[in-house]
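Please read the structure below before turning to the comments.
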Amino acid sequence: MSIKKKTEMNKSIKGSKTEKHLLMAFAGESQARSRYTFFASVAKKEGYEQIAGVFMETAEQEKEHAKRFFSFLEGGMLEITASFPAGIIGSTAENLRAAAAGENEEWTDLYPAFAETAEEEGFKEIAAVFRQIAKVEAEHERRYLALLAHVEDGSVFERTEEIAWQCRNCGYVITSKKAPKLCPACAHPQAYFEPMKTNY
């Protein structure tokens, strides 16, 4: 596979700054994936099934980002110097805030800088991948901040206007300002309700 990569890029990344940036990005995405699975467990315990689901979905997306970055590496050992979050597992609100901050750093600072270096070193495909993944990280931050706002203002299960709420367990839908305490169809608790997705 590395021979194919060299052919596509017309040169090896070995010894380049881009090689180090790819490994740093791979490590960062891999760690984010693990953190998000830890955060999902906390959200579930606190009664936020939707937020737990978002953390797990994002963890899988981070795995795919890590896989993409890893696919450009050409093997061997590589020493890097980098800083990574050594945070704690907090409450759901604290975890959402920490996750949003990490996503923000990736899309506003790290990946644009990595893309610029890759471009300067002649790795246009890698530069494009850094830029495209940065767009995803911006969406991750937006989603985490929206969920955080609902946790902080107590609107995870109650809104000012009527909306469609859907049970994540059985699919039951009810239109109301507030999600029911128990699902009338499957008797799962309110924790399983989320605003119904309508953008299919």
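Just so it is clear, glycine is given a Cβ too, placed from its N, Cα and C backbone atoms.
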Matching residue for the Fe(3+) 1 site, where Swiss-Prot names Glu62, Glu106, Glu137 - out of Glu29, Glu161, Glu162: Glu29
Further binder of Fe(3+) 2 named by Swiss-Prot next to Glu62, Glu137, His140, taken from the candidates Glu19, Glu94, Glu103: Glu103
For the domain 'Ferritin-like diiron' (12-155), residues assigned helix / strand / coil by DSSP: 111 helix, 0 strand, 33 coil
Between Cys186 (Fe(3+) 3 binding site) and Glu137 (Fe(3+) 1 binding site), the C-alpha gap once rounded to whole angstrom: 35
Residues close to Fe(3+) 1 site centre defined by Glu29, Glu62, Glu106, Glu137, Cβ within 8 Å: Ala25, Gly28, Ala32, Gln61, His65, Gly102, Glu103, Ile133, Val136, His140
Cβ neighbour count within 10 Å of Glu29 (Fe(3+) 1 binding site): 23
Proximal residue to Glu29 (Fe(3+) 1 binding site) among binding-site residues His140, Cys167, Cys183 (C-alpha distance): His140
Neighbour count (Cβ, 10 Å) for Cys186 (Fe(3+) 3 binding site): 12
